[in-house]
Amino acid sequence: MSIRRFALAALASAIFAGPVAAAETLLNVSYDPTRELYSEFNAAFNKHWQAQGNEAITIQQSHGGSGKQARAVIDGLRADVVTLALAGDIDELYKLGKLIPENWQERLPQSSTPYTSTIVFLVRKGNPEGIKDWDDLVKPGVEVITPNPKTSGGARWNFLAAWAYAQQKYGSEEKAQEFVEKLYKNVPVLDTGARGSTITFVNNQIGDVLLAWENEAFLALKEEGGDNFEIVAPSLSILAEPPVAVVDENVDKKGTRKVAEAYLNYLYSDEGQRLAAKHFYRPRNQAIAGEFAKQFPELKLVTIDKDFNGWKTAQPKFFNDGGVFDQIYQAQ
Amino acid sequence: MSRRTSPVIPGFGLTLGYTLVYLSLLVLIPLGAMFVHAAQLTWAEFWAIISAPRVLAALKLSFATAFAAAVINGIIGTLLAWTLVRYTFPGRKVIEAMIDLPFALPTAVAGIALTALYAPSGLVGQFATDLGFKIAYTPIGITLALTFVTLPFVVRTIQPVLADIPREVEEAAACLGAKPLQVFRHVLLPALLPAWLTGFSLAFARGVGEYGSVIFIAGNMPMKTEILPLLIMVKLDQYDYTGATAIGVLMLVVSFILLLLINLLQRQIAKS
């Protein structure tokens, strides 16, 4: 444990050692697709923070796979706040590291999730395979690209969305398992992360449909100009809730609790919500969601808490060793 | 012993102490920590983890592809070293420098580039598709990535040895009536073999542990194209540190045994 902690501390200091600044610093440890959102949000927050009569602060951001980021914090990376892909990863900060209290998710509005996203399909221009809904993904010959849910937080949302659809449409867990089994038979490559899958689909031209975060899909479209791909919204998907939390243990040691809490609260402000929407996350604030209504297709959404009894139940049942996902591949 | 003969440069105690501290900090303590962590498991638990079908499939794949890559580099690498040592031609210095590139390049970059090239729609991969087989996302792709990453080992280990064998030795053998193949078999090969085995085992060992370049080209399909280091990452993503160290210990032990065997073989050859 201590060796790992030492190694990570050394790594972290190598990455974050800048010129020693007198100003306070805040480290936001986040997951991959929020890079653009937080670089804009950090500047906005800093302005707001100074307008309230405070000293300017230096905000550092770190991005990577959600699970790896959580592990880095557990192993000693001094994050003031974490903004990760799923509550299950932040739960581990309590379970393994005792860095936050068990009820962390009750401390901020809407289960500590200031913005949400969902899972949509990205298909090639003109939708040559005529993909409209989940049923089209299990047709023979259709190639589906999605990362490995054992190593990717985003992929777990994909899996659960497919499961929820099949369970509602075909009425039982057995049918749902058959459905996802068929779906994963159509997956030729299981990348380890969401960005890897995007590379496989967009750059290497593998597959007919990519299961993606809505915000990632929009970002991909924006970057390539909409010439090669289009977004298809399925009839039902899952409300992906990437939550945020102050890391109590670290802010109390560093004396940054006040600014860390203000930082997360600002995500719920009108400006924070607008920035989230600008970067293709669905804002929680209904008035602001209304302003961006045209941008987001309307979908029927299931939630992890209501339909899957939360991550504490879903993670071991579906994704841990011997879970449903493993059974799919043992059966083949 | 060395004391009695009193070496020209003194400092045996100092250098040995330094060596031990250095090795301990870099190798012994980290690996020891892994064993200690894995020791939290009972034998039955440990056995259950390492005998899971997916772990066994990955074990076979990792060692087989690393072995294949080491064999390919053993043959092609010898050829490369031969060409570089025995002939002078324009551009030799450039090729010489290129050999080391796989070491300098971040392995993820290599993985992404190779995948783009050898994927079914890629520049080279499309020809394979026409011929009816796939390179990327199969064990062939994994071997390819490993061959790339371990390319310098064999070349660099046998190059100096080859350069030290004077041409006159070959000429002498030819004068005595040996055919080219016999010269190779009886004159060159015995001299080269120890160095060749060193290069081979370095390439093999490096290939077994390689992660960055492989995950992009492997496809990572359970039971088919999942390498052992990936399974370690999978365990870590479940916050299962002990399970991850168990697989780590398994890899270490198997690698150690294989390297030991190669070492014994080397000694046997040196004796004969």
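Note that Cβ sites are derived from N, Cα and C of the backbone, with glycine treated the same way.
As given in TrEMBL:
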- B:20-43: transmembrane segment (TRANSMEM)
- B:59-262: domain 'ABC transmembrane type-1' (DOMAIN)
- B:63-85: transmembrane segment (TRANSMEM)
- B:97-119: transmembrane segment (TRANSMEM)
- B:131-155: transmembrane segment (TRANSMEM)
- B:187-205: transmembrane segment (TRANSMEM)
- B:241-265: transmembrane segment (TRANSMEM)
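Using the rule of three or more Cβ pairs under 8 Å, pairs at least 6 apart in sequence, the transmembrane segment (B:241-265) is not in contact with the transmembrane segment (B:131-155). Touching of the transmembrane segment (B:187-205) and the transmembrane segment (B:97-119) is ruled out by the presence of fewer than three CB pairs under 8 A, sequence neighbours closer than 6 excluded. Within its own chain, the transmembrane segment (B:131-155) has Cβ neighbours under 8 Å at 61, 64-66, 68-70, 72-74, 77-78, 80-81, 84, 99-100, 102-103, 107, 110-111, 114-115, 118-120, 122, 124-125, 196, 199-200, 202-204, 206-207, 210, 213-214, 216-219, 221, 225, 227, counting only residues six or more beyond its boundaries.
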